Amino acid sequence: MDCLCIVTTKKYRYQDEDTPPLEHSPAHLPNQANSPPVIVNTDTLEAPGYELQVNGTEGEMEYEEITLERGNSGLGFSIAGGTDNPHIGDDPSIFITKIIPGGAAAQDGRLRVNDSILFVNEVDVREVTHSAAVEALKEAGSIVRLYVMRRKPPAEKVMEIKLIKGPKGLGFSIAGGVGNQHIPGDNSIYVTKIIEGGAAHKDGRLQIGDKILAVNSVGLEDVMHEDAVAALKNTYDVVYLKVAKPSNAYLSDSYAPPDITTSYSQHLDNEISHSSYLGTDYPTAMTPTSPRRYSPVAKDLLGEEDIPREPRRIVIHRGSTGLGFNIVGGEDGEGIFISFILAGGPADLSGELRKGDQILSVNGVDLRNASHEQAAIALKNAGQTVTIIAQYKPEEYSRFEAKIHDLREQLMNSSLGSGTASLRSNPKRGFYIRALFDYDKTKDCGFLSQALSFRFGDVLHVIDAGDEEWWQARRVHSDSETDDIGFIPSKRRVERREWSRLKAKDWGSSSGSQGREDSVLSYETVTQMEVHYARPIIILGPTKDRANDDLLSEFPDKFGSCVPHTTRPKREYEIDGRDYHFVSSREKMEKDIQAHKFIEAGQYNSHLYGTSVQSVREVAEQGKHCILDVSANAVRRLQAAHLHPIAIFIRPRSLENVLEINKRITEEQARKAFDRATKLEQEFTECFSAIVEGDSFEEIYHKVKRVIEDLSGPYIWVPARERL
């Protein structure tokens, strides 16, 4: 009887609870986080007498320096190998065995499965134990330089294919694109299905696994999936495809990433890795044996696929990303449809749901005629294990998308001055707003390719606000406008959806709304002005004191502090105007406070203390940013005094995040700091110039400095009197 020998390999995943704290990094490194590939001279990498090996072969090698910025989930890849446990044969190299979807490495796009790590920053890991390599990566800091080696891929055969559209269109399906990689680490667009009887099938040259480089004159390298689909759809009857044919060595598994080893099982690696990066401990193995394992959403938009049309029962376990899909619909009984599936999320990994599915029920709750709000509540309150009855209805979903498309066309026509009877006349054309929330177009429906994503604090020039749901806008950088133009959700749309969310939250809580009146923030109107002073700095949230101290000590020529006022008697060693402005009359200081000459004041031991507007102005007019340790209320008082501050809120992601950033405080102190920060954000969000987050103080401090640099002026955006 044959024996089956299973060999396991050590692994380490750089994310979630295993993510180490970020260490100090050289000041110049953050600017290199997105640097282009650098081919490293092999002489600098090879020690005398050391023979480099990759996968036990002597193939032609290439070298690359890759700089990654550690994200919320760490570096986003898995490794195996080492002198104590070689991954392939007797090769002691440290190999990349998995690229985590959505992680830092996947977003950068250059690191590949089977790359061999030679150096981590300046640490040589070519011939070390597995634990030593893990330690080198843990101690590498927030900005990590990897020197990697890989075998050069065989040259692809590029050819041009002419297709003539038939009744089934072009007759093939695609997958891939930026943010939706079909093969981890590769943004290319791949052919995943040839429709029998279609144009591609009749021509015979296009094959599964082919890479589409261009459609007519439109390049498809490093584009989003939606853009590739649009390029293929927006063609006439005759279409020219520029196609790269893969090497024969890889044709055995067109869906798998090129694997140049014979002893490494991609299937095994996926099977033992999935549960750990989802942050779950479900006993059910999620073995991704389907060829769709690298394709989060079914992308059969160019031809019909044989997909069961009967209702299906799907069980999904809620993960750290929720259920991992978005829904649309719920108006006029049109049904609830899945519009987006998050790559790497529970729905994606189950392989059971697809865009275009109608959700018929959730845990027995009938959603066939539910409103969008009712469906959202049912999904939110479904618990950890969710049973969904879904039915694939591409025709109905296509009609829903067609309605969105018609709206988009109307908006476009309106913006060009043609107008339509269904759109209101446009009372507001050409105004500027500042976003008070983050918007990710991929999480919304309908406008995936033409919507404009933005972050909190971004300034947008609204070109056309004639529609109630979508405004046409252009992003503004500094004192110039970019070519980034698209559609953003209107104030009404944002507030309606947020109220629905808050209503669902209150409905699902045991205490109900308790009379709470949550304010919904969307945008504020802004106007541009020129300033001739250094803007004061107000940092709020956990670690603000450390950030203030570091700015003053690191850049004494750029930052300063003002001298406070007090009615306390002067002590012998104190100097008036240096330590304090000593006010002899309490009555006078009280009058000045009532006259709004102080941005903040209080009483301690029967003496008044305060920071005057004039003290801040003196520092600002000296060309130094005045660092202020005040409350958020001071922001509005400074604005009223025409000293527009840069207010930066340091937002903790969680209680654990507070403890990780400041290891010297107790859990109780961290909980109080987290609660204070949460309340501060709820009450003063509109006062913040920017919101920063980070896994370490070093990361936060770097972002704080970048915000100050970006918002220093001389041209700045300030709140306008006009209300939306």
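Glycine too: its Cβ is placed from the backbone N, Cα and C atoms.
Record note: of Ser418, Ser509, Ser553, Swiss-Prot gives the feature phosphoserine to Ser418, with no matching annotation on the rest. The candidates are Ser339, Ser449, Ser631; Swiss-Prot tags Ser449 with the feature phosphoserine. Residues 15-35 are the range that Swiss-Prot records as region 'Disordered', among 15-35, 477-497. Of the candidates Ser173, Ser247, Ser654, Ser696, Swiss-Prot marks one as phosphoserine, and that one is Ser654. Residue-level annotations in Swiss-Prot identify, among Thr67, Thr420, Thr566, Thr666, Thr420 as phosphothreonine. Mean model confidence of the domain 'Guanylate kinase-like' (534-709) amounts to 92 (pLDDT, 0 to 100 scale).
Checking each of the modified residues Tyr240, Tyr580, Ser606 against Tyr715 (phosphotyrosine) by C-alpha distance, the shortest gap belongs to Tyr580. Three or more CB pairs closer than 8 A are found between the domain 'SH3' (428-498) and the domain 'Guanylate kinase-like' (534-709), so contact between the two stretches is assigned (pairs 6 or more residues apart). For Ser606 (phosphoserine), applying a Cβ distance below 8 Å and a minimum sequence separation of six or more within one chain yields no residues. Distance noted between the C-alpha atoms of Tyr580 (phosphotyrosine) and Tyr240 (phosphotyrosine) is 76 Å. Taking H, G and I as helix, E and B as strand and the rest as coil, DSSP gives the domain 'PDZ 1' (65-151) the counts 14 helix, 36 strand, 37 coil. Counted over every protein chain shown, other Cβ atoms within 10 Å are most numerous around Tyr580 among the modified residues Tyr240, Tyr580, Tyr715. According to DSSP, Tyr580 (phosphotyrosine) is assigned to a strand segment. A coil conformation is recorded for Ser606 (phosphoserine) in the three-state DSSP classification, outside any helix or strand.
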